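First comes the structure, then the notes that go with it.
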């Protein structure tokens, strides 16, 4: 949409994206295994055609949307974003996607809705990690409605102008660049508008380590490691660490959290 | 028993030094793979994990030597020093990659050791192994006498801490670290039972 220009062109240009091989071979997608190379090895089995998304809850137009209908009429833009994993590594990814706000406008959000909940597909026969129950599935995530409506928040369908690889969350995934990567849920099959804060998988598993908000914040450490620095993937064996930026370098979202103690709401 | 005898007579004829060479060559080879971009897009993490896992495997192998002899008759005691010293070398490689290539800053290394429990237990395990590596020579064995045996029981807590370190750093419910931890506990309880069985026999002969 028009507010897409919220991200200054200069800030985008300053970022050098990782090569496609990095983006496609270093992934966390526990449905396909816990190793970083497991998704690239196993994700091929996932069936993504046809793809439909269940839209329910406090919306005007609930129902089963085909991916094409949901995307119809929306402008796919390139967004070059920093991607910061909670494990203290990062990449720069040139996503292609639409603003989540535009999708939400299409389905019609009721005034009582306060949060958006998302759910990842579960295909046990095609997903070895699901069969092993490494974490509870389906993977679920959520955003507060104002976070979901922010122009930086997108639903991505491609990377580098190509359809997204399955290990990256094909055919459609969330990207919230100022939050740790696990918030950016992959391979979405359900979007629900709700009144209460929805469950989020890592928060359920370990609430002390993973909060609902999970904004990138160099001053609030993960209990098992520091979040002050990160390593850019692809720098080789002597790759230096770099300082992690508040909100992952997207200070324009700070107003969403005015008056909130970010150490308490981590 | 025939098979065990055959293995024993073969192993008696084998030198132990190739253990050191093979382990050192593997460590160097992996480092070279990382250096030349053949360990994927994040070679530091890969090296860290591979060195750490192999160190744990060697330590478990060292601990398994005595029960193996007791239960199957296969005697690999000759190789135990080489296995143990090599394990320490791989632990050192694991620690060095973590400290120098991963964390990089001295203040941050110390902060992690003090603040992060899984790093603390890993580091403690490493510390416990240092006196063992330093006394793994014939001169020390002679000089320390019975105290050498006592000292080298430090491998037990070192292995427990190592297993705990592995389990603690994983996310979600993963079987691999639990299997290692279970294996270590099983081997240690075998030791305790063997020790308990041996002691009264010795008391009678005195």
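Note that the numbers count up from 1, one per residue, in the order the chain is shown.
Using the three backbone atoms N, Cα and C, a Cβ is placed for every residue, glycine included.
Automatic prediction, not curation, is the source of TrEMBL annotations.
Listed in TrEMBL for this protein:
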DOMAIN    B:53-162  domain 'Ferric oxidoreductase'
TRANSMEM  B:20-39  transmembrane segment
TRANSMEM  B:51-70  transmembrane segment
TRANSMEM  B:82-101  transmembrane segment
TRANSMEM  B:121-139  transmembrane segment
TRANSMEM  B:151-169  transmembrane segment
TRANSMEM  B:175-194  transmembrane segment
Which of B:20-39, B:51-70, B:121-139 shares the most C-beta pairs under 8 angstroms with the transmembrane segment (B:175-194)? B:51-70
Going along the chain, which residues at least six beyond the ends of the transmembrane segment (B:121-139) come within the CB cut-off of under 8 Å? 81, 84-85, 87-88, 91-92, 95, 113, 148, 151-152, 154-155, 157-159, 161-162, 164-165, 168
With the cut-off at Cβ under 8 Å and a gap of six or more residues from its ends, the chain residues touching the transmembrane segment (B:20-39) are 46-47, 50-51, 54, 58, 82, 85-86, 89-90, 93
Would you mind splitting the domain 'Ferric oxidoreductase' (B:53-162) into helix, strand and coil residue counts from DSSP? 99 helix, 0 strand, 11 coil
Local confidence of the prediction over the domain 'Ferric oxidoreductase' (B:53-162), expressed as mean pLDDT: 95
